[in-house]
């Protein structure tokens, strides 16, 4: 089971109400390379991956939920004081008419989240390469969002998340090596 | 948790976040380097430190976890805000 903790993984501060930034950030909430997709991808792959990497997939998948909460916190803080006029000016009137200020799992262009963002091939190497690619794509997305953001407080948290993608990618690469080593050992049976 | 939080709360929280960062990093590292004895030692040392910080925060600000991973005050105080996105 999972146990929730009443604490963010890393502090999230925003300098000012900024719905335009929230519009970009929602890419990491309900987008193809976002935190929800990441969490669901890894936790789903656990059941058929060799035992040696189940722990890693469990732990990274769990950390992704902590990142999802950080992204939600950013979006919530950036939009909570916005007027409908400000939301309209930020280009998220379409979101507002459907959801008011509620969060929704869609990407920056408003496309709803879909399970087709997640691959599960059942082949351990194929799945882990998928995971490495996902981390690199998420890292790149964080960079593009940082490039678009003029909020120094928010950028501090975004840089933290960007660094986590690098760590995850590195750990998945190590997992590939562990599995290759195991596979090669089996030749001598 | 009380509705307005003193500066001290944020300092405690940051301390917990810092220790937890070490623990998350060591967890992922040990998942792929399970034989690293000094990393395991460091992990256990920080796990102990986390318990102490958690206890200190909860004694003043209420439970950080539930399902029995934290004690409850009277009345039940798990649902008391603020929640992480509200601070």
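Positions of Cβ are set from backbone N, Cα and C atoms, glycine also.
TrEMBL names A:35, A:64, A:67, A:168 for binding Mn(2+). Of A:130, A:135, the residue it gives for the same site is A:135. Cβ atoms within 8 Å of the centroid of the Cβ atoms of A:35, A:64, A:67, A:135, A:168 (the Mn(2+) site) belong to the same-chain residues A:38, A:39, A:60, A:63, A:138, A:161, A:164, A:165, site residues excluded. Its Cβ taken as reference, residue A:135 (Mn(2+) binding site) is surrounded by 23 other Cβ atoms within 10 Å in the chains shown. In the shown protein chains, 25 other C-beta atoms lie within 10 A of the C-beta of residue A:67 (Mn(2+) binding site).
Within the group of binding-site residues (A:35, A:59), the Cβ with the highest number of other Cβ atoms inside 10 Å belongs to A:35. Those binding-site residues from the list A:35, A:59, A:64, A:67, A:135 that have a Cβ under 8 Å from chain B Cβ atoms: A:59. Comparing the Cα of residue A:59 (Ca(2+) binding site) with the Cα of every entry in A:35, A:67, A:135, A:168, these being the binding-site residues, the smallest distance points to A:168.
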